[in-house]
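**Q** Mind having a look at this structure? Questions to follow.
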Amino acid sequence: MAKEPVRVLVTGAAGQIGYALVPMIARGVMLGADQPVILHMLDIPPAAEALNGVKMELVDAAFPLLKGVVATTDVVEACTGVNIAVMVGGFPRKEGMERKDVMSKNVSIYKSQASALENHAAANCKVLVVANPANTNALILKEFAPSIPEKNISCLTRLDHNRALGQVSERLNVQVSDVKNVIIWGNHSSTQYPDVNHATVKTPAGEKPVRGLVGDDAWLNGEFITTVQQRGAAIIKARKLSSALSAASAACDHIRDWVLGTPEGTWVSMGVYSDGSYNVPAGLVYSFPVTCCAGEWKIVQGLHIDEYSRKKLDLTAQELSEEKELAYSCLS
């Protein structure tokens, strides 16, 4: 029997990431090749014409799974009945802007979108925040959508996770699909901690630890970490635009694993509400290693954290606590 369509909202849908993301969703990359979708696309009024152009292209692509398109600048219309919301739209930091200015712009955007989701989204709607500062935007969204369970609100650190997998696979000259269980801890910012201490590579002789195979702690504790942390900036420098294709692909990966489950023995990185695991202050949205099953995520417990890693985990938690304080000061 044919499945009922799932309604997927993409905010900022006429932008770079949105333009890369909507065809992936319509093609089944996010929810599977047998799952029909109805796309809800939201953008700001100045982008209305461009948004309509994206809608025309979706029609022209004749995606068999695409059962309808809502393209609108009205936040209530966009949020009505949605099962999954991918929040790509946000106010980007511009040259000369203070963090507080960016934060206060995003607080007002996320406040209005949160209340529209709160009042109009489908029950049990899953929300993924992509727009930066992603962790703190997710926190604000939770504040103004109190009836959405906190386990249903997450932020994107899968892009950083995928970047870490890519760096290891290039270094060892192995297939990226053979590398697993890297971890991104903390904030989707330059304080994040890409951790390979528990990561493995599939070899003809079985699974081997990444650290042993690389055999170069100086690289793993130095260049590897900074490359992953600074990759977004490097792409802006090269492309003169921020990461779009890779961000869209990571958003699909994040939702797919969340909804359909992670493979046995594999974990992924998601920005989720801290419950105090690994001594991370509760109430922050922080990236942890998680496994997913039946639409629910669970933080992987019991991993050994060495002294070097502990400092990195605490540093990024400190930054998130400061961001939280800044965001809450913008609420008053």
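Including glycine, each Cβ sits where the backbone N, Cα and C put it.
TrEMBL does not curate its annotations; it predicts them automatically.
Keep in mind that what you see is a predicted model, and the values were worked out from it rather than measured.
Feature annotation from TrEMBL assigns active site, proton acceptor to His188. As annotated by TrEMBL, NAD(+) binding site applies to Gly12, Ala13, Ala14, Gly15, Gln16, Ile17, Gly18, Asp43, Asn106, Val130, Ala131, Asn132. The annotation substrate binding site is assigned in TrEMBL to Arg93, Arg99, Asn132, Arg163. If you look up TrEMBL, you'll see 6-153 marked as domain 'Lactate/malate dehydrogenase N-terminal'. The domain 'Lactate/malate dehydrogenase C-terminal' annotation in TrEMBL covers 157-327.
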**Q** With an 8 Å cut-off on Cβ-Cβ distance and a minimum sequence separation of at least 6, pull the same-chain contacts of Ala131 (NAD(+) binding site), or say none.
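**A** For Ala131 (NAD(+) binding site), the qualifying residues are Thr11, Gly12, Met87, Val88, Gly89, Gly90, Asn106, Asn137.
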**Q** Could you round the CA separation between Gln16 (NAD(+) binding site) and Arg163 (substrate binding site) to a whole angstrom and send it over?
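**A** Checking the Cα atoms of Gln16 (NAD(+) binding site) and Arg163 (substrate binding site) gives a distance of 19 Å.
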**Q** Taking the Cβ of each of the recorded positions and counting other Cβ atoms inside 10 Å, which one has the highest number: Arg93, Arg99, Arg163, His188?
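**A** Buried the deepest by this measure is His188.
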**Q** Could you give the mean pLDDT over the domain 'Lactate/malate dehydrogenase C-terminal' (157-327), rounded to a whole number?
**A** 97
**Q** Work out how many Å separate Ala14 (NAD(+) binding site) and Arg163 (substrate binding site) at their Cα atoms, rounded off.
**A** 25
**Q** Let me make sure I understand the structure: which of the binding-site residues listed (Gln16, Asn106) has the fewest other Cβ atoms within 10 A of its Cβ?
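**A** Least crowded of the binding-site residues Gln16, Asn106, by Cβ count within 10 Å, is Gln16.
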**Q** Taking only the Cα atoms, work out how far Arg163 (substrate binding site) lies from His188 (active site, proton acceptor), in Å, as a whole number.
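**A** Between the alpha carbons of Arg163 (substrate binding site) and His188 (active site, proton acceptor) there are 12 Å.
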**Q** When you measure from the Cβ of Gly18 (NAD(+) binding site), which residues in the chain that are at least 6 apart have a Cβ under 8 Å away?
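**A** Result: Val10, Thr11, Gly12, Met41, Asp43, Val54, Val88, Gly89.
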**Q** Residues with Cβ closer than 8 Å to the Cβ of Asn132 (substrate binding site), same chain and 6+ apart in sequence?
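**A** Counting only residues 6 or more apart in sequence, the Cβ neighbours of Asn132 (substrate binding site) under 8 Å are Gly90, Pro92, Arg93, His188, Ser189.
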**Q** Restricting to the record's NAD(+)-binding residues (Gly12, Ala13, Ala14, Gly15, Gln16, Ile17, Gly18, Asp43, Asn106, Val130, Ala131, Asn132), give me the longest CA-CA distance in Å as a whole number.
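**A** The two farthest binding residues have Cα atoms 18 Å apart.
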**Q** What are the DSSP helix/strand/coil residue counts across the domain 'Lactate/malate dehydrogenase N-terminal' (6-153)?
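**A** Grouping H, G, I as helix and E, B as strand yields 69 helix, 28 strand, 51 coil.
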